[in-house]
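Q: Please read through the structure below; I'll follow up with questions.
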Amino acid sequence: MSPKTETKASVGFKAGVKDYRLTYYTPEYQTKDTDILAAFRVTPQPGVPAEEAGAAVAAESSTGTWTTVWTDGLTSLDRYKGRCYDIEPVPGEETQFIAYVAYPLDLFEEGSVTNLFTSIVGNVFGFKALRALRLEDLRIPPAYSKTFQGPPHGIQVERDKLNKYGRPLLGCTIKPKLGLSAKNYGRAVYECLRGGLDFTKDDENVNSQPFMRWRDRFVFCAEAIYKAQAETGEIKGHYLNATAGTCEEMMKRAVFARELGVPIVMHDYLTGGFTANTSLAHYCRDNGLLLHIHRAMHAVIDRQRNHGMHFRVLAKALRMSGGDHIHAGTVVGKLEGERDVTLGFVDLLRDDFIEKDRSRGIYFTQDWVSMPGVLPVASGGIHVWHMPALTEIFGDDSVLQFGGGTLGHPWGNAPGAVANRVALEACVQARNEGRDLAREGNEVIREACKWSPELAAACEIWKEIKFEFDVIDRL
């Protein structure tokens with residue numbers, strides 16, 4: 001570089017390191033309707049001021065780096081930088097606070113959850129100045145959400161396809177999840193569907209293993225679906241897991257499912273990745289397939305209160321990336337989920353407009369405009385005694401899935417399905433008659449047992465099964 005060039009490069013530029021808060025902490029900033037807003041739970045290292053830590057998050061997740069660079073002068077940082085515009089303490093946690101960060105829309109590629117997360121959570125979580133960092137919520141503006149297709153079909157279109165209204169949908173995960181041959185797997189699918197379930201399901205890790213290759217499973221499950229439909233007169237489905245080691249293989253499995261004429265496929269969206277999931281969702285929209293989403297690996301990301309990402313953020317990301325169902329916890333079963341928090345992100349999945357409500361963990365008002373909704377799936381350690389609570393908590397627009405609670409019935413798979421269908425119909429009827437399921441639920445189930453021996457047997461076998469542990473994810 002010539003001396004003349006060096007002089008020009010140094011005009012208005014002072015090398016060195018300066019506090020992030022001098023540039024990225026802007027409490028006077030008024031957020032715009034087009035900004036993406038983030039709420040971070042920040043735990044700074046001892047001696048790091050709250051303003052500096054919040055500004056560091058804004059900087060490292062947008063335009064900043066650890067030192068001043070002269071190329072800052074070649075762009076407009078005021079236009080593109082993230083801004084920490086507010087900081088508030090976390091009640092009961094002296095070392096934690098919530099940092100609110102606003103990101104200008106131009107920082108993100110349209111229609112790409114992958115790019116959104118790479119920017120906002122891709123690098124900053126390893127920052128040494130922070131002991132821990134958790135993304136609690138995102139506000140996605142309509143200007144950005146409209147660049148996504150969203151769910152392939154949505155709740156109303158799914159009900160129309162299935163011709164099922166006025167009640168939750170009923171499902172079952174085939175167990176044991178691994179080890180069955182394709183033919184025996186298909187037999188279990190048939191028995192459960194024949195007994196009265198709407199859906200059966202591959203578990204998240206059922207892909208294409210030596211004991212059951214994917215093509216064989218798809219064929220036997222399709223046979224089971226058609227046989228059960230012919231015998232019951234109801235539309236049935238099985239979530240055929242298309243998740244694979246490559247996107248090309250995943251799409252090949254989805255194409256084969258469509259050729260078989262089945263109504264729904266499945267994807268593990270976190271282990272499979274957002275790019276793969278969005279591609280599959282677009283294919284499902286174009287080809288009339290419903291898309292069931294499993295959240296395998298979510299607890300690695302969202303379980304800890306002070307680090308990672310809350311599931312409400314993953315739920316919003318899924319609604320944009322695309323899925324017609326997603327597992328959302330049960331509140332009453334074996335998996336983590338506090339009631340108010342769970343219902344907060346259930347509303348974020350289903351509703352068009354969700355008001356800010358900190359009592360349910362919703363940090364921002366979210367307007368999805370016309371994006372279709374996603375059915376929440378309650379699954380994990382639930383059985384017939386849970387049916388009143390599940391019906392009352394989740395309402396009609398949900399899928400209730402009983403794996404062990406169906407296949408663990410003492411009389412077999414079909415009677416297990418009958419027991420769950422009878423329990424569901426009894427709870428829906430009682431609710432429609434004005435009865436309080438939260439208070440009278442057990443009595444509703446006992447009354448139904450009088451005319452359903454299958455339900456009576458299920459109630460007897462699971463009458464003392466409870467999962468009573470403290471919930472970690474509290475507000």
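Any Cβ shown, glycine's included, is placed from N, Cα and C.
The N-acetylproline annotation in Swiss-Prot covers Pro3. Annotated N6,N6,N6-trimethyllysine per Swiss-Prot: Lys14, in sequence order, evidence recorded as sequence analysis. Residues or ranges marked as substrate binding site in Swiss-Prot: Asn123, Thr173, Lys177, Arg295, His327, Ser379. Per Swiss-Prot, active site, proton acceptor is recorded for Lys175, His294. Under the heading Mg(2+) binding site, Swiss-Prot lists Lys201, Asp203, Glu204. According to Swiss-Prot, the site 'Transition state stabilizer' annotation covers Lys334.
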Q: What is the number of other Cβ atoms found within 10 Å of the Cβ of Thr173 (substrate binding site)?
A: 24
Q: Give me the count of other Cβ atoms within 10 A of the Cβ belonging to Lys201 (Mg(2+) binding site).
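A: Excluding its own Cβ, Lys201 (Mg(2+) binding site) sees 29 Cβ atoms within 10 Å.
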Q: Specify the secondary structure state of Lys177 (substrate binding site) as given by DSSP, simplified to three classes.
A: coil
Q: Have a look at the recorded positions (Lys175, Lys177, His294, Arg295) and report the one with the fewest Cβ neighbours inside 10 Å.
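A: The recorded positions Lys175, Lys177, His294, Arg295 were compared, and Lys177 has the fewest Cβ atoms within 10 Å.
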Q: Looking at the recorded positions Lys175, Lys201, Asp203, which ones sit with their CA no more than 10 Å from the CA of Arg295 (substrate binding site)?
A: none
Q: In whole Å, how far is Asp203 (Mg(2+) binding site) from Lys177 (substrate binding site) when you measure between their Cα atoms?
A: 6
Q: What does the structure give for the C-alpha distance between Asp203 (Mg(2+) binding site) and His294 (active site, proton acceptor)? Integer Å is fine.
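A: Distance between the two Cα atoms comes out at 9 Å.
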Q: Cα distance, His294 (active site, proton acceptor) to Glu204 (Mg(2+) binding site), nearest Å?
A: 6
Q: Considering Cα atoms only, can you say which of Asn123, Lys201, His294, His327, Ser379 is the nearest neighbour of Lys175 (active site, proton acceptor) among these recorded positions?
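A: Checking each of Asn123, Lys201, His294, His327, Ser379 against Lys175 (active site, proton acceptor), the shortest Cα distance is to Lys201.
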Q: Give the sequence-ordered set of same-chain residues, not counting Lys201, Asp203, Glu204, with Cβ within 8 Å of the centre of the Cβ atoms defining the Mg(2+) site.
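A: Sorted by sequence, the hits are Thr173, Ile174, Lys177, Asp202, Asn205, Val206, Tyr239, Asn241, Met266, His294.
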